[in-house]
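Listed in Swiss-Prot for this protein:
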| type | residues | note |
| --- | --- | --- |
| REGION | 1-265 | region 'Amidoligase domain' |
| BINDING | 13, 146, 147, 148, 186, 187, 188, 189, 190, 191, 222 | CTP binding site |
| BINDING | 14, 15, 16, 17, 18, 19, 71 | ATP binding site |
| BINDING | 353, 381, 382, 383, 384, 404, 469 | L-glutamine binding site |
| ACT_SITE | 514 | active site |
| ACT_SITE | 516 | active site |
């Protein structure tokens, strides 16, 4: 039978509930337990697929094609377990499900209310499909007191009574701020947060307290007394240099021991943390440093590229080097020469994106990398812009463009209207809805034997995750290949270009998919490991 850990947050948002959940999952896994992580999001969007990346951050795509919260990326990276669409739900999705049921008559004429219908829908989501797991960790988005989160708080309160005794534990993540004028950490915000949680009928078993310095023992006892938790259950969560230190830091503070004790699991299996120790050691003691320029259009919010950032650092871990990131707004290159910005970097990465804004700047970045022999990694939109650059400057197609930007004389990149998923033909139109209509999730690709990318993967058959509506037009393939650009990977039916490269370039690869979504600190993605290796070689030349 599965045991449930509910993680709530208080005082302020962005305290790191997702990292805490992921780290706890990793620690329980290290003891041999089977762990599942799920995220409950209070916003009214059905999913984050149509939300602005500068507001919400990255949309994390699962193998089965769900557009989910970026915290699922943390879950995957820390545990190595691939998430599914059933690991994330929003208030919007819950209400949509309920309205669909009401229209079908599933409620037999009953008045549909928040209690019991909304709360039952949440409880069903939390408890379904967990028979193969020892622990289910549920992160509740938002902060205690948010009106949007109230149905979720009520649902997990009810679950404390519905589930068998001893199978539900509540962890509350709070902030203990330091007041310079007083010269001390303050417990009052945490006390009030816990009181608000208790007023909702939820009594936390464990307090995970964020702080920027050691919490004195006297303050821990104070929190224990006023928040009604055991002294050992007041766990300090100190700031760390990087997120991959968190599992080891929380283990040192006893979080996993306290969770297991709350379930009555004593003595617990000893954890095997040697892999995490090795990762932390490689991060702390790099043997070199490389600088990677990220030429993007959402650089104002780094969370828009969360998985990408982490995958680059994974590449650094694989090569024992520190990866320094230079963020460049692509629109800059539409007005200025890219050379002063890119001459000293060791690699250029152009990530995914949508829309015409900044596209010409990305094309200029691709040209600089091609001509100057700087390692270039184009992902999704970044591959498309590299192909347009090749068409304009190598294949004598000066009007090459994408239909995403409007009518194009030479549509080198165009809207996909049909593609095959499994054995089914998928179709969409330009006038259709935006939500959930892209080529989403894991698709197979066939790599050309003897190409750089097939050597990197060590295989000609791969599966990677996609999120795009536009694709390189296969009608231009022959003209582009005659100029030296190789289409090194295609969809299994040979219709959709998946990867490109220049054989005479030290490292110039474009991929239509998002390899960053499958990279892990304990298992870096081969493309990122190879890209950082090439950047390390470049660093010896610059």
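Each Cβ is built from the backbone N, Cα and C atoms, and glycine gets one as well.
The model shown is predicted, which means the values in this text are computed figures rather than measured ones.
Annotated features, which come from Swiss-Prot, shown on the structure.
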| residue | record | Cβ neighbours (10 Å) |
| --- | --- | --- |
| 14 | ATP binding site | 10 |
| 15 | ATP binding site | 19 |
| 16 | ATP binding site | 19 |
| 18 | ATP binding site | 24 |
| 188 | CTP binding site | 12 |
| 190 | CTP binding site | 27 |
| 222 | CTP binding site | 17 |
| 353 | L-glutamine binding site | 22 |
| 382 | L-glutamine binding site | 26 |
| 514 | active site | 23 |
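Rounded to a whole number, the C-alpha distance linking residue 381 (L-glutamine binding site) with residue 514 (active site) is 10 angstrom.
The maximal spread of the L-glutamine binding site, taken as the longest Cα to Cα distance among 353, 381, 382, 383, 384, 404, 469, is 14 Å. Sparsest Cβ environment among the binding-site residues 13, 384 (other Cβ atoms counted within 10 Å): 13. Put simply, 516 is the one of the recorded positions 382, 384, 404, 514, 516 whose Cα lies nearest to the Cα of residue 18 (ATP binding site). DSSP classifies residue 222 (CTP binding site) as helix under the three-state reduction. The local packing around residue 404 (L-glutamine binding site), expressed as other Cβ atoms within 10 Å of its Cβ over all shown chains, amounts to 19. Taking the Cα atom of each, residue 353 (L-glutamine binding site) and residue 147 (CTP binding site) are about 33 angstrom apart. The record gives 353, 381, 382, 383, 384, 404, 469 for L-glutamine. Within 8 Å of the mean position of their Cβ atoms, the other Cβ atoms in that chain belong to 352, 354, 380, 385, 402, 413, 468, 470. Of the listed binding-site residues 17, 186, 469, the Cβ environment within 10 Å is emptiest of other Cβ atoms at 186.
Residue 381 (L-glutamine binding site) carries a helical DSSP state (H, G or I).
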